[in-house]
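Below is one structure, written out as structure tokens, with a few remarks after it.
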Amino acid sequence: MSSQQYQQQRRKFAAAFLALIFILAAVDTAEAGKKEKPEKKVKKSDCGEWQWSVCVPTSGDCGLGTREGTRTGAECKQTMKTQRCKIPCNWKKQFGAECKYQFQAWGECDLNTALKTRTGSLKRALHNADCQKTVTISKPCGKLTKPKPQAESKKKKKEGKKQEKMLD
């Protein structure tokens, strides 16, 4: 290798080395120049807790509906708002559409009142609804009801009738 080639290679190496140092210095100063964001200050609000009305179904007595919320406070930006809600259609409405109860089996028939009763304990309340812890319901004793015939029992009856016709 000639001295001229050697010097040329050395200059290239020195230029690359200086470029690397320059890039590292630029990156370091860019990171140092960034300001750390101060944590957001938590505002202590004068606003009170939201108080929600009961869910009012859009149509019928269950399904989708709306509820209104209000809160108090001198410096509140929003004191009223409307929220979507849903009333399950399989819940017993007489205890409040937002209260779900777990019921025990029906009790024995009371001959004096001709009613049988059962109690339910609160299983779930939607949207902080005001629900009773336990409820009691009554219904007339009435006749003993037979369970509805299942599809299988209908098939058995049909097969039995077919056999009777064949024997005739």
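Note that Cβ sites are derived from N, Cα and C of the backbone, with glycine treated the same way.
The disulfide bond recorded by Swiss-Prot for Cys131 reaches one of Cys99, Cys109, Cys141; that cysteine is Cys99.
Cys85 is paired in Swiss-Prot with Cys55, the candidate among Cys47, Cys55, Cys141 named as its disulfide partner. According to Swiss-Prot, the feature region 'Chondroitin sulfate binding' maps to residues 92-99, out of the candidate ranges 28-35, 92-99, 100-107, 108-115. Looking at 6-14, 123-131, the stretch flagged in Swiss-Prot as region 'Chondroitin sulfate binding' turns out to be 123-131.
Per Swiss-Prot, Cys89 makes its disulfide bond with Cys62 among Cys62, Cys76. Taking DSSP states H, G and I as helix and E and B as strand, the region 'Chondroitin sulfate binding' (123-131) has 3 helix, 3 strand, 3 coil. Within its own chain, the region 'Chondroitin sulfate binding' (123-131) has Cβ neighbours under 8 Å at 52, 54-55, 67, 85, 95-96, 98-102, counting only residues six or more beyond its boundaries.
If you take the Cα of Cys131 (disulfide bond) and the Cα of Cys89 (disulfide bond), they are about 18 angstrom apart, rounded to a whole number. If you take the Cα of Cys85 (disulfide bond) and the Cα of Cys109 (disulfide bond), they are about 39 angstrom apart, rounded to a whole number.
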